[in-house]
Amino acid sequence: MDYTIVVALEMVRAVAWLVLLASGLAIIFGMMRIINFAHGEFLMLGGYTVVISTGHGVNEWIAMLVLAPIVVGIFGVLVERLVIQRLYGRILDSLLATWGLSMLMIGGVTMIFGNSVTGVATPLGGMSIGAYQVPRYNFVLIFAAIALLLAIWAVLKFTKAGLIARATMQNPDMSEALGIPTRWVYMATFGIGSAITGFAGALLAPLTGVVPTMGVNFIAQSFITVITGGASVITGTLSAATLLGSISQGMTFLTGPVYGDAALLLAALVLLRLLPQGITGRIFKKSL
Amino acid sequence: MTTEHILTTRGLTMRFGGVTAVDNVDFNLRDGELRCLLGPNGAGKSTFFKCLTGQLTPTEGKITFAGQDVTGALTHQIVNLGVGIKTQVPNVFDGISAYENVRLSARRKHLAPMARELTHTTLERCGITHLAKREVGLLSHGQRQLVELAMVLAGEPKLILLDEPAAGMTGDERDRLAQLVLESARSAAVVVVEHDMAFIRQIAKFVTVFNRGAIFREAMIDDIMQDREVQEIYLGKQANVAAA
Amino acid sequence: MEKPVTRDPGFYVMVAIGLAVMFIAPVMLDLFTIMQITQYVVLSVFALSLGYIWGFGGILSFGQAAFFGLGAYTFAVASINMGSTTIPMVLAFVIPTLFGAALGYFMFYGRLSDVYLGVVTLVVALIFWKLINHTAGPEYSIGSARLGGFNGIPSIPTLHVPGDPSAWLDPGQMFQVFMGFLLVIYVALRFLIASDFGRVSISIRENETRSSLLGYDVRKHKVIVFAIGGGIAGIAGAMWATYQAFIDPNSVSMEMSAKALVWVMAGGVGTLVGPIIGCILLQWLTLQLGTVDVVNSIAVLGAIMMVLVLALPKGIVPTARSLLLGGYILWKRNQGQAISGKVVKE
Ligand SMILES: Nc1ncnc2c1ncn2[C@@H]1O[C@H](COP(=O)(O)OP(=O)(O)O)[C@@H](O)[C@H]1O
Ligand SMILES: [Mg+2]
């Protein structure tokens with residue numbers, strides 16, 4: 001019984017993990033149809049924000065929940081203005097440029113902070129379920145993922161900005177024809193997506209430690225989740241994260257973590273062969 | 001019906017979200033027939049063509065070409081059965097020469113020497129031999145239309161679909177086009193979408209009028225010209241455009 | 001493009017340069033330099049693999065290193081087990097080609113868009129890299145070859161004369177054989193591109209819709225182009241493995257894929273000479289920068305990539321070419337002849 005609960009909890013945590021990893025990326029993809037290849041380094045930047053600010057005595061929760069999103073969000077806006085915006089309409093070039101940015105960030109941060117792992121203490125400690133020890137922090141992750149999705153949903157559903165975003169996600173050409181100021185929409189999108197990614201990076205920092213090359217460990221999962229999800233941020237991310245999270249976690253239970261990612265990729269390839277536009281490209285077409 | 005009709009559609013429907021671009025169309029075309037397709041902008045003519053050539057998979061309905069069910073077939077499969085299309089937005093290979101453009105089409109069915117022959121005669125027929133070496137991306141709109149037409153003809157199709165082929169053409173080019181269409185109609189069935197009435201009179205007798213995705217009228221051209229309701233849908237549409 | 005390869009003077013110039021380097025370099029240069037430039041030759045083959053599929057098939061692979069690494073590991077494992085290098089070299093072409101065909105089937109028959117294609121190719125290489133990294137334990141062996149995880153596989157046999165495993169090639173001979181590989185692949189690609197198959201690939205790159213409206217099966221063509229590119233990258237990987245006598249997961253890393261992209265971008269997409277020039281130039285630059293401690297090589301690679309995209313999107317060779325062409329047109333104008341349109345050359 002206890003074991004079942006622990007396994008179920010692990011499954012939910014795996015899904016929450018993917019939701020956190022992918023949401024920021026999914027917003028950018030849904031609105032702009034580009035993938036930010038520097039996504040992993042944006043996560044890393046969120047992690048470093050926590051390390052540095054807590055090192056200066058800032059409360060860890062403030063660092064994670066407030067500072068990291070702000071810092072990475074502002075960075076994202078700068079990147080959009082200086083790079084992405086110049087490549088509007090050249091989608092592949094913008095992928096290449098963000099990949100270049102990714103390497104520039106890895107190299108740059110290495111030059112500044114060196115190439116060693118900085119640990120971040122996991123807040124809250126553990127609790128026991130029967131004979132099993134479970135970190136309380138797992139619940140923070142699950143709660144954060146739920147809160148994040150709810151927040152995105154509320155913004156999309158109830159605000160004017162959300163209305164514009166929904167229009168753009170469902171039909172990018174149409175909204176431009178309607179005279180929506182795409183310049184601002186894209187800048188805001190990239191900023192918000194980056195902020196969410198920074199938030200995710202900060203939450204991950206206690207689990208993984210922080211190192212300049214950490215991003216590479218997360219991008220496979222993030223990218224796969226986003227492209228299998230398709231253009232709708234919430235339904236897409238949630239359905240893909242649920243499906244892929246269960247598959248990879250199941251595989252991890254069976255064979256260890258190495259094949260988890262490989263199983264994820266295989267599942268994604270089969271799925272994309274059947275649904276080339278991702279899950280929400282065909283099934284939940286009108287969803288958010 | 002399959003023996004004498006080269007193309008039939010039954011209940012053909014194409015929806016984009018809430019828009020029904022093609023609405024329950026039953027269309028019949030006899031082998032070797034030359035048909036004009038009329039209808040205001042947005043009537044669904046181009047979408048109809050895209051369904052016929054597999055560029056879009058129809059939401060509902062059935063398409064039969066040369067006795068075979070081609071509903072849901074892929075574009076190249078349909079084309080290889082003998083359908084050639086000139087799309088509304090010119091679809092050519094911009095970075096390469098006109099000769100190479102046409103040769104790519106001719107080479108599909110023929111070995112190299114025969115393809116070269118066919119390319120030359122087709123360029124000649126379309127009156128663009130002098131453009132053979134020019135990069136297609138640098139030609140005028142009308143010239144690009146002729147190149148695309150040459151590509152269609154070099155494929156030696158049994159059914160030719162032409163979506164607004166005269167757009168952007170000079171008077172001379174237009175006359176040559178009419179000549180070409182009449183000539184091609186001797187060896188293939190042809191469907192032409194056009195707005196220019198003078199041009200249509202030059203080539204067609206029997207006309208199908210589309211409106212809001214559905215077939216609105218099918219009659220001889222002279223009757224269509226007299227038809228009050230047809231005039232109204234055209235004028236009404238123009239009035240709307242003018243008002244917008 | 002109408003001009004056959006055999007009537008293009010540029011083609012003969014390239015082959016002549018290649019042959020000259022192949023035979024003169026070992027006589028003129030010292031051993032150390034020969035070994036250094038052998039590296040450029042190997043990586044040029046890798047650059048060609050991406051230059052071909054991107055420039056002449058319109059397929060932008062973000063994970064070309066997957067094939068490079070697959071070829072390298074195939075060669076390493078097979079040659080250690082067989083004690084010979086001839087068949088392993090063939091396998092290093094065949095297996096990546098088949099892998100490319102299988103992956104290509106999923107991507108192109110699934111009609112993935114460009115962005116999806118980029119992401120999938122990247123992720124495939126990334127996961128390959130992760131898997132290889134985790135094979136450090138002794139349980140991960142194929143025959144007598146231990147995969148070695150992040151430690152890599154040492155003691156990979158040196159290339160030998162086919163049929164006689166005791167006749168190792170010395171570094172000078174190895175250089176010549178590799179130059180031969182590069183030349184053969186270059187020539188083969190030139191002919192492939194000029195063939196009917198190659199023309200159709202180019203037409204697909206130009207306009208996919210029109211190609212299928214002419215009756216060509218775009219999906220099939222792309223799978224074939226992608227697989228050929230994979231096979232060539234595999235050969236490059238095998239050359240790399242035997243040249244270093246060692247291979248590790250770096251050969252599959254994102255950095256390796258990024259390098260190939262940067263070489264092709266720098267040299268110019270849509271040419272074959274460009275990727276080779278880009279490769280040699282940038283590898284040489286990396287070597288120079290490697291002596292400077294403070295600068296991080298990944299940061300430099302990233303910066304170059306961004307600059308290329310933002311400032312020089314066409315690459316060196318096409319830019320130079322259009323500058324020359326521009327100069328030619330001006331010169332013609334001055335002679336009072338208007339040039340009404342650009343005559344297609346390649
Ligand atoms: N890809 C598409 N997505 C959404 N709506 C479309 C698409 N293609 C066409 N439509 C709509 O279908 C209708 C018919 O368009 P079209 O076939 O181009 O008309 P026509 O060629 O007769 O001018 C129009 O209302 C158009 O807006
Ligand atoms: Mg139309």
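Cβ atoms here come from the backbone N, Cα and C positions, even for glycine.
Unlike curated records, TrEMBL annotations are generated automatically.
As written in TrEMBL, here are the features:
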- C:12-33: transmembrane segment (TRANSMEM)
- C:40-67: transmembrane segment (TRANSMEM)
- C:87-108: transmembrane segment (TRANSMEM)
- C:115-132: transmembrane segment (TRANSMEM)
- C:174-193: transmembrane segment (TRANSMEM)
- C:223-241: transmembrane segment (TRANSMEM)
- C:261-282: transmembrane segment (TRANSMEM)
- C:294-312: transmembrane segment (TRANSMEM)
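Between the transmembrane segment (C:12-33) and the transmembrane segment (C:223-241) there are fewer than 3 Cβ pairs closer than 8 Å, counting only residues 6 or more apart in sequence, so the two stretches are not in contact. Ranked by the number of CB pairs under 8 Å to the transmembrane segment (C:261-282), the listed stretches C:40-67, C:87-108, C:174-193, C:223-241 are led by C:40-67. Only pairs six or more apart in sequence are counted, and the transmembrane segment (C:223-241) with the transmembrane segment (C:87-108) gives three or more Cβ pairs under 8 Å, enough to call it a contact. A Cβ distance under 8 Å defines the sequence-distant neighbours of the transmembrane segment (C:115-132), meaning residues of its chain 6+ beyond its ends; these are 59-66, 69-70, 73, 103, 106-107, 147, 149, 249, 252-254, 257.
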